[in-house]
Amino acid sequence: RCVEVFYIYFHAGRVEEPYVSITKKRQMPKDGYSEEVEKEVGQAEGKLCTHRSAFSRASVIQAFLGSAPQLTLQLYICVLQQEITAARSVFMVLSLLSIVYGALRCNILAIKIKYDDYDISVKPAAYLCIFMWRSFEIATRVIVLVLFSSVLQIWTLPVVLVNFFVFFFYPWILFWQSKSPFPENIEKALSRVGTTIVLCLLTFLYAGINMFCWSAVQVKLNDPDLINKSQNWYRLTVYYMLRFIENAFLLLMWYIYKTDIYLYVCAPLLVLQLLIGYCMAILFMLVFYQFCHPCKKLFSSSITEGLLSCFKFLCFVCKPPKSTRVTDKAELKSSENADGSQSSNKTTDSQNGNRHQSVSSNA
């Protein structure tokens, strides 16, 4: 692909192309009005766009199936050996940048897939917010996993497998619940077995991404494009709440069972820094979706409204049902009435006693 890209780029414009294709893109709505713009795309430009999309997807695959395990392993070795060499630090920084770049490309791909009909231009502020968001999220997640695995090696594999299989089977469970027919239009040359293998590889990549950070591209197997194009704030909120709780629990286990290699480490301060770092990632994510998203004008609701509705729903779920509250109130009223009747009986008895005493005294 690289050779073909350079060949097309340096030979573009020398020979007149036999035909061009016309694409129609809508601009972002301004004052409630959206204008449609036509653009001619030549053969060379179309091939270059295809190769660029392939490079973007390859960077995502390389980041989460190559650089993420490599960074985790290198940091684990550094913790056990209690030293960081110059070469290893350089490779860890490059691996972290590779993962962050893959996550950034994943965000941009999700935006372009969901809003394919619009002419999208991502501003530098959006790139900066995504970079900071993904850097804090991935760095804190890798450090938490390394700290936990350094003191509880036996429980590392169950934690990793539970995370992986939950995200691997989640798209398949939604697909089976929808009772949709098996997708046949992925590739005409593929058989049913080949299509199943491709879908398994797609969900494998999806699970690998969600192991370390939120996957902006949500897999939906019953959709023709295999991508969920709706903006689901509830799923985003649940993911970050559960991931924060999991990170806090793993850090608590590390704090309880830490060994002598962490003798000169201030454990409470490190735990606090990691939790604050993950909160910083969530903060940059909120800033991106609220102010810097290139398609925020197309949102049916802002992320703050979505989060508020999600929290209200969770609070409503946590509250006891009305029937129990009504029965409780009825029991309270009945007890109050019983107490009132008992007190009234006592007063009448006392009044009768006073009358008998007065009659006896008069006699």
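Using the three backbone atoms N, Cα and C, a Cβ is placed for every residue, glycine included.
According to TrEMBL:
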TRANSMEM  86-104  transmembrane segment
TRANSMEM  154-175  transmembrane segment
TRANSMEM  196-217  transmembrane segment
TRANSMEM  237-257  transmembrane segment
TRANSMEM  269-291  transmembrane segment
REGION    324-363  region 'Disordered'
COMPBIAS  325-336  compositional bias 'Basic and acidic residues'
COMPBIAS  337-363  compositional bias 'Polar residues'
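Packing against the transmembrane segment (154-175) from elsewhere in the chain are residues 145, 148, 203-204, 206-208, 210-211, 219-222, 250, 253: each is 6 or more residues past its ends and has a CB under 8 Å from a CB in it. Beyond its flanks by at least six residues, the transmembrane segment (237-257) meets 140-141, 144-145, 147-148, 150-152, 155, 159, 210, 214, 267-268, 271, 274-275, 278-279, 282, 285, 306-307, 310-311 of its own chain at Cβ-Cβ distances under 8 Å.
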